[in-house]
Amino acid sequence: MAALDGLPPLRDVIQRHGLDAKKALGQNFLLDLNITQKVARTAGDLTNATVFEVGPGPGGLTRALLALGAKKVIAIERDSRCLPALAEISDHYPGRLEVIEGDALKTDFEAMAPDGPVKIVANLPYNVGTQLLINWLMPRQWPPFWDSLTLMFQKEVGQRIVAEADDDHYGRLGVLCGWRTEAHMAFDLSPQAFTPPPKVTSTVVHLTPRPAPIPCEIAKLEKLTQAAFGQRRKMLRASLKPLGGEALLNRAEIDPSRRAETLSVEEFCRIANLL
């Protein structure tokens, strides 16, 4: 991509700006520009799209998104050390990159979303990735402000996102994602793709909103899944006792001797709607 966008190699950028990845910020920089292009392509057609990126670091994925035609990239970066490197990219793509120094967990993405297609594409910091995903699944208005999420996670988290009933990885995250989105794992990334290499394999997950999820109140579904999977090895009559236990399950026509990991998303919604 150096030839494609005329910007220097990322290793030169991080050396020039003294950007060592900080463990406290969950940083692992993705420096292979072929891989960043692959991630950006997984998000689909970027033409006319505004893309939110979280934790751009030295800007490898940012460059790919812009080179592949994103109308605008809004990058949220907490680490002020990365801002000069991102400013160089902004100079190269005038008017197409907006960098906001701040904490993504405290950012109101919906308030910043313009009219037109909106995608969220990010190599998420490991320590906040799951919470950010849950935040993006939670807007009361649905379909949401975003058209797709293309996100990098530890592979174990990716497996939990796409898991369905009777899968060992199935849990609260799988229910919430399965309820409101269609999700699939696009491809894996070895630790060697990152600097410094993490101890685990990473994966890229692509999620699109279901146009009409099963009607259900978010708060009730969250409360139910927390109780059910908080004691996942117990029968539902025991794990859901504080919420109504056997009587609740009988009303929902669910066998009280079943365990949480056997319930489909539809069955979870059926119980939640009775709370």
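Positions of Cβ are set from backbone N, Cα and C atoms, glycine also.
Given the structure is predicted, the values throughout are model-derived calculations rather than measurements.
Binding of S-adenosyl-L-methionine is attributed by Swiss-Prot to N28, L30, G55, D103, N123, and within the candidate set E77, E88, E156 the record adds E77 to that site. The highest number of surrounding Cβ atoms within 10 Å, among the binding-site residues E77, D103, is found at E77.
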